[in-house]
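A.B. asks: Here's the feature list from Swiss-Prot:
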{"type": "ACT_SITE", "residues": "112", "note": "active site, N6-AMP-lysine intermediate"}
{"type": "BINDING", "residues": "32, 33, 34, 35, 36, 81, 82, 110, 133, 168, 284, 308", "note": "NAD(+) binding site"}
{"type": "BINDING", "residues": "402, 405, 420, 425", "note": "Zn(2+) binding site"}
{"type": "DOMAIN", "residues": "582-659", "note": "domain 'BRCT'"}
């Protein structure tokens, strides 16, 4: 080994050790000047001797340009959300459910960092992939940006065949204040809060910008530990620290839920004492075996819950109450407020839901009110301050005619909502289009409300189906578009034709049919044509489809306007069937593990093939594993497969199974 390569290796070890001491142990051993000097020397040597540059070098944290878009990546296991607890009663109920399934319980309580979930994958000890949460199953790969975060090790301190780690990316308060100050001086729009700033920073196409944002990362979960079974969540946190990750030190262990409740009360008062935003606490069953026994619901683990801090309340004035007409015709009263700063952003409006809510709270135009963000997200009026009334306040009355189209407004028996009776109401059509193009529906990027307003005003569209007839020459003159934007929009519209049945059903805006129901109906019927024929009785027999939804779906497809709309979509070439793989499902029902270094394909590609042919690409070996595909340097998974008598295939043997 040459002197240069030895020096480069020594610098890397010094820098990574300094990162571990600073971010992993919170015990810095170098001054900023000493650290910078080492890093600059490493960068210089690698530039002079590029033959020694490696992807896991600390110098690679400075960033560079990325491709024009982030590729999608399927998570090893779904990133489920947590159920929420808002008070002691919710926590007691959680404890009751847990103890009904397991006896002695110990809880770990961790800070709920207000950032964004990031999943990391290490192979042969090196970071190979990092991704956002996305929809929980598929996220965006942002590896290059994540490599700029010093708290994320590029190489593990202990060798591991494969390690999947989850944690929270965040922006410290100090970094956020500096960033907004720089943006203000540059005349750029400010970020509303550190969470939004962190999300925007991680989606930069130039990772050098991400590197400048000084983001942090706290790891809290391991999916595939290589050194035997980790028996508890506290053991997981210790293991993560040993591997070089930054782990939030502010976690506590309790044996009684009453202790947890008391601690939650203490933390409400201390929530602002940290250099980063927290919006609650996460309570987990400590014992991993008990976690497995408790299992999961369709959307969340039964062994964990998020305690959400009470919302911050701020006083302001109701300057006006304005009606907004939604896509189903509901008239929603919105309070226009004197702008105030609450829970990280400036609020100027708050929903009042319906007339019953206004009457119950006695909200009047001109009232002083307390507002908060429900779940620290959605602004709402909590109560009025009657002692501040002057007598000049005005009582709000719901209009008898729709403010958008002047059609009669009705309130059906048993409902709190007032509705516009016209299905051709411009507001309903506008909101229906906005919903149709939204991310979880047809996902037409670049088609925001402002562009939709222009298209409607210019007479280029009347409904969402007309989007598929738009032409380039008609789009270019529009104010918010141009040649490049028009090209991108037309491509996004064309791509949306292949979204499939479930997003299309959701995008239709059928009353009571959300995203989950769209998937259920798509799976049940397979084609739009079959769904159109469905009767109320058979719809009600489908799990999770109640009488109200069944009635709504049947009525929707009985309308002549619905048939006309769907025919326009068909003529445009929109796919109206569930997206089934054309490949034979040779691995259907099989759990398959891929391990080691492969020669012909990379591991992610093999896992994708397994899923395309009907199998499940699992991250760990168990008795349920059908077989293991093993490459070179296969570690503990190969040993466990042999121990359990699980068949082991080489890469070539796996290739021979494929059609």
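Backbone N, Cα and C define each Cβ position, glycine as well.
Describe the structural context of each listed feature in the structure shown, including burial, neighbouring residues and relevant distances.
C.D. replies: The Cβ of residue 112 (active site, N6-AMP-lysine intermediate) lies under 8 Å from the Cβ of 278, 279, 280, 281, 282, 306, 307, each of these being in the same chain and 6 or more residues away along the sequence. Reduced to three states, the DSSP call for residue 112 (active site, N6-AMP-lysine intermediate) is strand.
Annotation for residue 284 (NAD(+) binding site): same-chain Cβ neighbours under 8 Å, separated by at least 6 residues, are 107, 108, 109, 110, 233, 291, 303, 304.
For the recorded site, residue 425 (Zn(2+) binding site), the DSSP three-state label reads coil. Just so you know, the Cβ of residue 425 (Zn(2+) binding site) picks up 21 other Cβ atoms within 10 Å once every protein chain is counted.
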A.B. asks: Which residues in the same chain, at least 6 apart in sequence, have a Cβ under 8 Å from the Cβ of residue 420 (Zn(2+) binding site)?
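C.D. replies: Those within reach of residue 420 (Zn(2+) binding site), by Cβ under 8 Å and sequence separation of 6 or more, are 325, 329, 331, 402, 404, 405, 407, 409, 427, 428.
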A.B. asks: For residue 133 (NAD(+) binding site), what is the tally of other C-beta atoms lying within 10 angstroms of its C-beta?
C.D. replies: 19
A.B. asks: Sorry to bug you, but what's the C-alpha spacing from residue 425 (Zn(2+) binding site) to residue 133 (NAD(+) binding site), rounded to the closest Å?
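C.D. replies: Roughly 38 Å, rounded to the nearest whole number.
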A.B. asks: So of 34, 82, 402, 405, which of the binding-site residues has the fewest other Cβ atoms within 10 Å around its own Cβ?
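C.D. replies: Across 34, 82, 402, 405, these binding-site residues, the one with fewest Cβ atoms within 10 Å is 34.
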A.B. asks: Starting from the Cβ centroid of 402, 405, 420, 425, the recorded Zn(2+) site, name every other residue in that chain with its Cβ within 8 Å, sequence order please.
C.D. replies: 325, 329, 403, 404, 406, 407, 409, 421, 422, 426, 427, 428
A.B. asks: Which residue counts does DSSP give the domain 'BRCT' (582-659) for helix, strand and coil?
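C.D. replies: Breakdown, helix to coil: 26 helix, 18 strand, 34 coil.
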A.B. asks: Name the secondary structure element type, per DSSP in three states, that contains residue 34 (NAD(+) binding site).
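C.D. replies: Going by the DSSP assignment, residue 34 (NAD(+) binding site) falls within a helical segment, counted as helix.
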A.B. asks: Taking every residue in the domain 'BRCT' (582-659), what is their average pLDDT?
C.D. replies: 81
